[in-house]
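Pulled from TrEMBL, these are the features on record:
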BINDING   Thr14, Arg84, Glu85, Tyr136, Asp245  sn-glycerol 3-phosphate binding site
BINDING   Thr14, Arg18, Thr267, Gly311, Gly412, Asn416  ADP binding site
BINDING   Thr14, Thr15, Ser16, Thr267, Gly311, Gln315, Gly412  ATP binding site
BINDING   Arg84, Glu85, Tyr136, Asp245, Gln246  glycerol binding site
DOMAIN    6-252  domain 'Carbohydrate kinase FGGY N-terminal'
DOMAIN    262-451  domain 'Carbohydrate kinase FGGY C-terminal'
Amino acid sequence: MVAEKYVLALDQGTTSSRAIIFDKNGSVVSVANQEFPQIYPKPGWVEHDPIDILESQISVAKKAMRQADIEADQIVAIGITNQRETTIVWDKKTGKPIHNAIVWQCRRTADICEKLKQSEWGEKIKKKTGLVVDAYFSATKLKWILDNVPGAREKAKAGELLFGTVDSWLIWNLTGGKIHVTDFSNASRTMLFNIHNLKWDEELLELLEIPRQMLPEVLPSSYIYGYTVKEIFGVQIPIGSDAGDQQAALFGQLCCEPGMVKNTYGTGCFLLMNTGKTAVSSESGLLTTIAWSLDGKEVCYALEGSVFIAGAAIQWLRDGLRIIAKASDTEYMANSVADSGGIYFVPAFVGLGAPYWDMFARGTIVGITRGITREHIVRATLESIAYQTRDVLEAMEKDSKMKINTLRVDGGASVNNFLMQFQADILGIPVERPKVNETTALGAAYLAGLAVGFWENMDQIKQQWQLDKKFEPTLPEKERERLYAGWKKAVSRAMRWAEE
Ligand code: G3P
């Protein structure tokens, strides 16, 4: 009997490393998950130990195989997807990181970014990289390491140090220190990559004093970069894909045509819209980014917007206000009242992103009367996630001049039926939730499977997308717009609150 074959996706996220094995139908066969320590050296600073990242990732990969009784030689390819922007610098000879990974959330370079943004570089960087200058991206994190670790810049100039986002770090280690690469989607999050000519930008490297030789080679997202060394899994397995996690989720949702959008409901929300061959420049503060490249000649672009606080607002109900015991309680509690009782909750705990961009906005609940109960507050919290999503989708439609016809959803809170129905109602378009919720890993698996011929082509893959539930809008337009107008009014009350 010929043993069944599978693809193994490694999903290296911000709080945990995950490994998911998929069969040829794109169904999940095994999942393993391991959290690893978050390091907060100072307020606003966030680091990871790159060794924790690597070891937890390898350990879950083995566990996923063990759990499902799958041998390493049944894995036809490994797909890599990762938390983006997080920056690692390591010694080429010893393989040792010279500093902890500086995580995407880390704000330590906010001052450098503020200065850059105010200068002529603000616009220039946006034009070249598609990004708004911010400490979020890798460029200033890498500069910080070179400026602050004694001797680092000299060593980097001498070609002794390597830089990589988490994907590069994993691939380099899995291939025994042979292959130093990244893909177009990850490169586009560094703020060092020109998304139009598809090259590392010499002018930006010079500006930030980053030696060119420490950067990885940029390759397609579906590609055989190399093979894992025998010592890890006992056999050599081809590494067939590399993509940033949000882009991988867009691919996993099979949002392959221009105008298709996915929303991942996590701590915050990440919304990505496929814009095809056009790098749409945003007027609303959205990011222009590379979704993927299948062949290295052409890239597919995306517009990206995020909602800072989504699931985090539900966590606050649980841990801060303590009016729910667990996140899943929110669904029946929200359904137990006819509406939010006229209140709005704007969860602007850390300011507001697109399209408001107000870092002084703060969380606000408006419209409270004597009859308001905790059920109303719970309902208003879920509704706020849907309203914020509409804010970003409207900005996407405006910038791209494309009409969004459906929203595909994934992530933790997408299981909440109340939220998904309200989302459809407030957008006035259907919301589609797929059967496979592991869309990020699935995207990485598809890209890897395509590289090794496990799946022949996109058509074969597209047939695999299966709907779990479609939420049709039922709210009359007038009511929808009345509710949304109330949200806008509430946002105006939350804005600029913390301004001196
Ligand atoms: O840009 C950051 C994003 O890639 C992080 O994703 O899922 O690890 O929180 P996640």
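Note: Cβ is positioned from N, Cα and C throughout, glycine not excepted.
Note that the structure is a prediction, hence the values are computed from the model and not measured.
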For Arg84 (sn-glycerol 3-phosphate binding site), which of the listed binding-site residues (Gln246, Gly311, Gln315) have their CA atom within 10 A of its CA? Gln246
Least Cβ-packed of the binding-site residues Arg18, Arg84 (other Cβ atoms within 10 Å) is Arg18
If you draw a 10 Å sphere around the Cβ of Asp245 (sn-glycerol 3-phosphate binding site), how many other Cβ atoms fall inside it, taking every protein chain shown into account? 28
Largest CA-to-CA spread of sn-glycerol 3-phosphate binders Thr14, Arg84, Glu85, Tyr136, Asp245, angstrom: 15
What average pLDDT is reported by the model for the domain 'Carbohydrate kinase FGGY N-terminal' (6-252)? 96
Of Thr14, Thr15, Arg18, Arg84, Gly412, the binding-site residues listed, which put a C-beta under 6 Å from ligand 1? Please answer none if none do. Thr14, Arg84
Relative to the mean position of the Cβ atoms of Thr14, Arg84, Glu85, Tyr136, Asp245, the recorded sn-glycerol 3-phosphate site, which additional same-chain residues have Cβ within 8 Å? Asn82, Gln83, Thr86, Trp104, Arg189, Gly244, Gln246
Same-chain shell around glycerol excluding Arg84, Glu85, Tyr136, Asp245, Gln246, C-beta within 8 angstroms of the CB centroid, reads Gln83, Thr86, Trp104, Arg189, Gly244
Glycerol site residues Arg84, Glu85, Tyr136, Asp245, Gln246: biggest Cα-Cα distance, Å? 15
Look at each of the binding-site residues, Gly311, Gly412, and point out the one with the fewest other Cβ atoms around it within 10 Å. Gly412
Let's check the environment of Tyr136 (sn-glycerol 3-phosphate binding site): how many other CB atoms sit within 10 Å of its CB? 22
Rounded to a whole number of Å, the separation of the Cα atoms of Glu85 (sn-glycerol 3-phosphate binding site) and Gln246 (glycerol binding site) comes to 12
Check the binding-site residues Thr14, Gln315 for other C-beta atoms within 10 angstroms of each C-beta and report the one with the most. Thr14
